[in-house]
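According to TrEMBL, the features are:
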DOMAIN    12-46  domain 'SAP'
DOMAIN    119-279  domain 'PINIT'
DOMAIN    311-392  domain 'SP-RING-type'
REGION    458-511  region 'Disordered'
COMPBIAS  477-493  compositional bias 'Acidic residues'
Amino acid sequence: MAAELVEAKNMVMSFRVSDLQMLLGFVGRSKSGLKHELVTRALQLVQFDCSPELFKKIKELYETRYAKKSSEPVPQPHRPLDPLAMHPTFERAGAVPRTPLSGPNLDYPVLYGKYLNGLGRLPAKTLKPEVRLVKLPFFNMLDELLKPTELVPQNNEKLQESPCIFALTPRQVELIRNSRELQPGIKAVQVVLRICYSDTSGPQEDQYPPNIAVKVNHSYCSVPGYYPSNKPGVEPKRPCRPINLTHLMYLSSATNRITVTWGNYGKSYSVALYLVRQLTSSELLQRLKTIGVKHPELCKALVKEKLRLDPDSEIATTGVRVSLICPLVKMRLSVPCRAETCAHLQCFDAVFYLQMNEKKPTWMCPVCDKPAPYDQLIIDGLLSKILSECKDADEIEYLVDGSWCPIRAEREHSCSPHCPILVLGTSDANGLLSTPSVNGSAVLGGTGSGPGVVGGVENGKPGADVVDLTLDSSSSSEEEEEEEEEDEDEDEEGPRPKRRCPFPKGLVSAC
């Protein structure tokens, strides 16, 4: 059936205006319009309503036309024909040989196929490169239902509509029905619509045209909306992703009609339809663990390369520090990962990186803010080994020879709740400083005359009073203010009784 359909299209595109009018009049369709309009009308008729009677009529018109041509004498051209003027695209096996006509009478039936379904179509044997879309890590392509096809405006209106009709094969229907559910109502095997710029210079990212709307059969499909922007003066961005059409399609041999509404503002866009299998972040992580682990020895060689002495540099690098904390979530790394294209040794956690790109695909390295696509990711085998061996440190340092050492944070020394007590009293008869004992306090002083003695006797002389220098300026200034206030009160009310010292005589706190 497919071969007969292609044959019928080829015959229709080789018809003259009179043949097209006879064909359209045979089925009761309008015969008015330019030739490309008649061709478009006839091709739509062949694609969607090709009955045996219609196919018989097309074949009859085709054979009648070329039977007449074969009986007529072929005029001899007055000049040599240009080889480019020949168009043997639609010659059929067994058909009567045709002599190429001269330039003014030459037909180019293939060019009229570009208006089929309102979508652009390139000539069959063109050298123009095709539009390609980038591969998406979370989608495995199973079948290509519609190649990237240009959206062609039909008039000068700003809002255009481009319809497309296709049917799924029984195998494709079974794949969709038997696939597991990722979420309630969302199958893993899907029919997705992708839109991009009509640029053939390289693989294109998904890009929606303005005022886009997608209608599947009789229902509109939801299209991702805009992300709100928190920055003033910055326009909100729209995440351009494949549009899932599966839940609105007929999962049978019936034809599905998709209508893309888009804004015609000068830029050219192409659309494509694919049958894909959607993957999850856990599946991508498992695949990365299977094929993306870099051997520890290779990672060690990379460390040596980074720390190798550069004769042109005046600064010698003896080591480089690497954190064991993920820069994305500030937690200890579980699967250390980085892109092979990155110049740094610092890693991020592959688990959280894949989860974040599953929700909002950016594929940017969180360390250097450069592209880190999935197919460039590697798991650092050396750092994975270090994480299993070093449990009590959050940072390590690579050395020149490729070895490493942990960097442990120094513990902060906290002030003891029991403050040491310094002796300020006078010496006894022997010239030694008395050392009364106080419960819960450390008394400094003694009989030694070495340099470490505090408040003792040096060279037979009484030791000097020890002043606590750990008191801050704020506390001393407050005490001075209190003393000034007391002096003023004494001047006004007379001398007050002295306050009782909370410490025993000759002792003062060192805190």
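Including glycine, each Cβ sits where the backbone N, Cα and C put it.
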Helix, strand and coil totals (DSSP H, G, I; E, B; other) for the domain 'SAP' (12-46): 24 helix, 0 strand, 11 coil
Residues of the domain 'SP-RING-type' (311-392) by DSSP state, where helix covers H, G and I: 22 helix, 19 strand, 41 coil
Integer mean pLDDT for the domain 'SP-RING-type' (311-392): 91
